[in-house]
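Visitor: I have a structure I would like to understand better, so I am pasting it below and will then ask my questions one at a time.
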Amino acid sequence: MGHLLMLWVAAGMCYPALGASAWSVNNFLITRPKAYLTYTASVALGAQIGIEECKFQFAWERWNCPEHAFQFSTHNRLRAATRETSFIHAIRSAAIMYAVTKNCSMGDLENCGCDESQNGKTGGHGWIWGGCSDNVEFGEKISRLFVDSLEKGKDARALVNLHNNRAGRLAVRASTKRTCKCHGISGSCSIQTCWLQLADFRQMGNYLKAKYDRALKIEMDKRQLRAGNRAEGRWALTEAFLPSTEAELIFLEGSPDYCNRNASLSIQGTEGRECLQNARSASRREQRSCGRLCTECGLQVEERRAEAVSSCDCNFQWCCTVKCGQCRRVVSRYYCTRPVGSARPRGRGKDSAW
């Protein structure tokens, strides 16, 4: 594989040990032709990118995107269509599409390359299509084949999962931007050559996190949920899917209480979690994480002071090294702890992922 994959291999991420992503890829290989082996490394990379981005986006939330959640999202016994599951399906589908598209454009995969279908055509006043456009069509095709094939159900939950898979792929399409290069005498830029390029995946993660924050709950009664693949079950859900919602994340069921430990749902609770307080570079939401993770879950915020060592007083020495000293300083870190003698923390119950 090429540069994109090598970056992750250099970071110590070996594909046979990718955990949740490898689990999903293995599920796919059971039912797919051996020809698709060509793309499994790129798909596994994409799945891992999705996991890491999910962890980043939810690092300071009560539900912090544990890696096992990516396994549970395809496990028949644990197929709850919650707000969190909607994000998992979307980010995984988007990340796989992203990784395959980038590897394709770099020439790392067989049977695909840059999208040159528009090259030479006039795109607008003063510019023409050219260069190497990212092949999002191919990336979307492979993502759909891999991810959607994991959904074996035919009930309302399955349709919701497939909808969110597609919303993730639409997020990748929404991130494409036109990049141009000037041509002309003495840099006059009399004409430009332009191509389509995917944005950094962090932008897609931010986009999908915003979709998660305002995800739409589809109201269905228990009779409709049990309808399975009967006509009334499919029709009831189809009626809810208006064209305007195709890029939105949707869910059916409220979230469990993420404040408290629940072994049956593999929820660890927030006790022992670190939170941010007085951090200058933190966002407003991150600044409020101690209240969200600790106080609102019936826990207290405990300050722990520790010595941190960092490089400082660096000087360039001829030739050609940089020598640094070591500086020590005391830093404060904050954790959610249970008050002495208190009972189990009490959270807000349903929809308490915030």
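Placed from the backbone N, Cα and C atoms, the Cβ positions cover glycine too.
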Visitor: Quick one: which of C275, C312 does Swiss-Prot link to C290 by a disulfide?
Guide: C275
Visitor: Have a look at Swiss-Prot and say which candidate in C294, C297, C312 forms the disulphide with C327.
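Guide: Checking Swiss-Prot, the candidate bonded to C327 through a disulfide is C312.
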Visitor: Can you tell which of C182, C194 Swiss-Prot lists as bonded to C189 through a disulfide?
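Guide: Going by Swiss-Prot, C189 is disulfide-bonded to C182.
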Visitor: When you check Swiss-Prot, which of C259, C294, C297, C314 turns out to share a disulphide bond with C336?
Guide: C294
Visitor: How far is it from C114 (disulfide bond) to C290 (disulfide bond), counting Cα to Cα, in Å?
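Guide: Cα of C114 (disulfide bond) to Cα of C290 (disulfide bond) measures 47 Å after rounding.
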Visitor: Around the C-beta of C114 (disulfide bond), how many further C-beta atoms are within 10 angstroms, looking at every protein chain?
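Guide: Step by step: centre on the Cβ of C114 (disulfide bond), count other Cβ atoms within 10 Å, giving 16.
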Visitor: Counting other Cβ atoms within 10 Å of each Cβ, which of the glycosylation sites N103, N262 scores lowest?
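Guide: Selected from the glycosylation sites N103, N262 on minimum Cβ neighbours within 10 Å: N262.
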Visitor: Three-state secondary structure of C320 (disulfide bond) from DSSP?
Guide: coil
Visitor: Can you tell which of C65, C132, C189, C327 has the most other C-beta atoms within 10 Å, given these are the disulfide-bonded residues?
Guide: C65
